[in-house]
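Notes follow once the structure below has been shown.
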Amino acid sequence: MPKWIRSTLNHIIPRRPFICSFNSFLLLKNVSHAKLSFSMSSRGFRSNNFIQAQLKHPSILSKEDLDLLSDSDDWEEPDCIQLETEKQEKKIITDIHKEDPVDKKPMRDKNVMNFINKDSPLSWNDMFKPSIIQPPQLISENSFDQSSQKKSRSTGFKNPLRPALKKESSFDELQNSSISQERSLEMINENEKKKMQFGEKIAVLTQRPSFTELQNDQDDSNLNPHNGVKVKIPICLSKEQESIIKLAENGHNIFYTGSAGTGKSILLREMIKVLKGIYGRENVAVTASTGLAACNIGGITIHSFAGIGLGKGDADKLYKKVRRSRKHLRRWENIGALVVDEISMLDAELLDKLDFIARKIRKNHQPFGGIQLIFCGDFFQLPPVSKDPNRPTKFAFESKAWKEGVKMTIMLQKVFRQRGDVKFIDMLNRMRLGNIDDETEREFKKLSRPLPDDEIIPAELYSTRMEVERANNSRLSKLPGQVHIFNAIDGGALEDEELKERLLQNFLAPKELHLKVGAQVMMVKNLDATLVNGSLGKVIEFMDPETYFCYEALTNDPSMPPEKLETWAENPSKLKAAMEREQSDGEESAVASRKSSVKEGFAKSDIGEPVSPLDSSVFDFMKRVKTDDEVVLENIKRKEQLMQTIHQNSAGKRRLPLVRFKASDMSTRMVLVEPEDWAIEDENEKPLVSRVQLPLMLAWSLSIHKSQGQTLPKVKVDLRRVFEKGQAYVALSRAVSREGLQVLNFDRTRIKAHQKVIDFYLTLSSAESAYKQLEADEQVKKRKLDYAPGPKYKAKSKSKSNSPAPISATTQSNSGIAAMLQRHSRKRFQLKKESNSNQVHSLVSDEPRGQDTEDHILE
């Protein structure tokens, strides 16, 4: 052992090898996982800084030092306490893959302490090579790619591991599951909680872990499911996804597509991070055709980005409108890349208008003025909304801008498998193409049975807004208790009342909102990073802002002395002053002033509802304290009484809904929902129409259009009034399996797909073949450059570098898609009814709706 280690340890624990709490090495079951966790007690141990320094710079450790990092396969659980200085979960990822130790005795905590004092070496099987240990990284930093030599970037999105996942599933199987559609997966595994119950740790992981390696044979039934340690499992991009990333890094304009479960959203989030690294954070426009799709990728609608309002009028008129807005003009001038999700719902005419605006503003005649384009979507889903019923729908790929600018059109083919229903997979694929046979029809009609009645309420999807409103109102009427009515305050400079009413319908916030305790609601505006358009929740109570201020203070500090509440209850002016101080500290004065005026105007519309006592369930968080101390119990009771007093003092004030929202990572968040404002502005940014309303809508039932992009555990779909191609497919593919799906009024004659979309998909390339063709073209270009006379050729080459030639490679898949999708055979290829089910079926992936996007789980 090196002298500096011996000296340090002798200084810390002289001649007392077993008194020190140096239980710092926890090694999990299998070496192939190579997972090493550190946790130390700060009591009686002063070398925390030493250990942290070595973790930050592991390359300076010698072989003897690294013996301490043994990967013994049967370590007893040490009695560890979390490092006080290590407050965040970190991980080290390595690419080492070691064979399981053979003929090696398990190493105990006691052996380590003996080794420290006796200077006895460990076996070489317990050693790591210094060169393969990487510096510690935060959870949100890079995670490993499929290739052991490459890194891929992870996002901050989390997704809970479904508890029904089979224990014997390997990491590779999980990697191909639809659950792995999130780049960062937050796993709380019941079988590993006891082993991981040592606080937050730094973990060494390889890219080949198996979940069977994390199993604990001991009974863990007494563990609290909410106290488990969260383990980050690196999720890898597939080879075809990496190929598309490389194409984007090379500056190419790309459209990629795929059916549900092929990882479109994961790839898009990764693509956005890559582009921001290239162009800068402010120079990448992240947009989508709809508000819900935009919030899923952290962007805004394409209309909002472009500054074109509703996009009505000719291109020149819209160009002049953008020119008058300095904010939107700068956007167009500065961006380097434009990302558009759900491109399928953007019509060709609007895309050409945007192209015209970009070329004129940037004074560049290349497509979109030289802006790099990344389009994503599935044209088999909902098409663009037709403004004129007499004019046929034109898809984005039919536009002039698309034909000139988007040269790489790619089909994602690798399916990330889940615990799926194979029969349901085939049924969805046939529905996607409008190719329903007798057997598929019989299977769908069997799904008309009611769903099991449990705590999860099925989301009801309807094709029209009227059906949605009727179903939501029916559910609301069945709830007990008082109805709270919130009327919107509408305004704006527009004098044409008919036009004004039509424009107001563009706001998701309803003109009149009826709520009760227990109502299921959806947020319809982005408020912050975790509370976004599409977040689902349940109304818990109604209270005024002053009562909520006290309630929030109490939930943040349940041990708060009751004297503080007594002061606020007896002196409402002091309570109001405390609220104003906190609000002014958290917001700029201009923002705070605007929000204050919005709230005041909304509060004046109150109709003077009677004040009902707060429900006892609101105070459940205080009742969780387990104690027999009479003083503590008396304080809890006193706090409840004071809260009721403060609430009763709010008579005549506007009471707002207290909503418990459920995030995609299954965590909950209590929020008092306050009014927000919406506006459609003119070119001078003055509101033509505006609305002040709570950003909520009833959400037992949703329209099929609003459901696109969501995954729902239980779905009830009524297809009686389906009127659009792709609408039925979107609705039914929200479900994960047949067990969670109820289908009413199924009619095969209403299940259709656009022939233009089928023809377009026959021209798509695979990602791998597109990248290979690109490499081949680059080689040809390089050879020509070697024989070219020089500057003259180089100038020509440079002028064409941003417009690569179309990729003419064929796609390849396990189902024989290569033979069908020959790009040069489009004119000769004819779809026949008898070949439709076999040939076109291979165009789509064979998975049901999984974790393609951020989950919105109904409570």
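Cβ atoms are placed via backbone N, Cα and C, with glycine included.
As the structure is a computational prediction, the values presented were derived from the model and not from experiment.
Residues or ranges marked as transit peptide by Swiss-Prot on the basis of similarity to another entry: 1-45.
Taken from Swiss-Prot, the feature phosphoserine covers SER70 (among others).
Look at Swiss-Prot and you will find SER72 (among others) tagged as phosphoserine, backed by similarity to another entry.
What Swiss-Prot lists as compositional bias 'Polar residues' is 142-157 (among others).
Residues annotated as region 'Disordered' in Swiss-Prot: 142-183 (among others).
Residues annotated as phosphoserine in Swiss-Prot, with similarity to another entry given as evidence: SER169 (among others).
Residues or ranges marked as compositional bias 'Polar residues' in Swiss-Prot: 172-182 (among others).
Residues or ranges marked as ATP binding site by Swiss-Prot: GLY258, SER259, ALA260, GLY261, THR262, GLY263, LYS264, SER265.
Taken from Swiss-Prot, the feature phosphoserine covers SER584 (among others), and the record attributes it to similarity to another entry.
Sequence-remote contacts of a segment are chain residues at least 6 beyond its ends whose Cβ falls under 8 Å from one of its Cβ atoms, and for the DNA-binding region (727-746) they are 260, 380-382, 418, 420-421, 423-424, 428, 431-432, 441, 443-445, 447-451, 458-459, 461, 463, 704, 707-708, 710-720, 753, 848-850. If you look up Swiss-Prot, you'll see 727-746 marked as DNA-binding region.
Per Swiss-Prot, region 'Disordered' is recorded for 782-859 (among others).
The compositional bias 'Low complexity' annotation in Swiss-Prot covers 800-809.
What Swiss-Prot records for 844-859 is compositional bias 'Basic and acidic residues'.
The binding-site residues considered are SER259, THR262, SER265; of these, SER265 has the fewest other C-beta atoms within 10 angstroms of its C-beta. All protein chains shown were included, and the count of other CB atoms within 10 Å of the CB of GLY258 (ATP binding site) stands at 25. Across the DNA-binding region (727-746), the prediction's mean pLDDT works out to 88. Secondary structure counts, DSSP: the DNA-binding region (727-746) has 9 helix, 4 strand, 7 coil. The highest number of surrounding Cβ atoms within 10 Å, among the binding-site residues GLY263, LYS264, is found at GLY263. DSSP gives GLY258 (ATP binding site) a coil state; it is part of no helix or strand.
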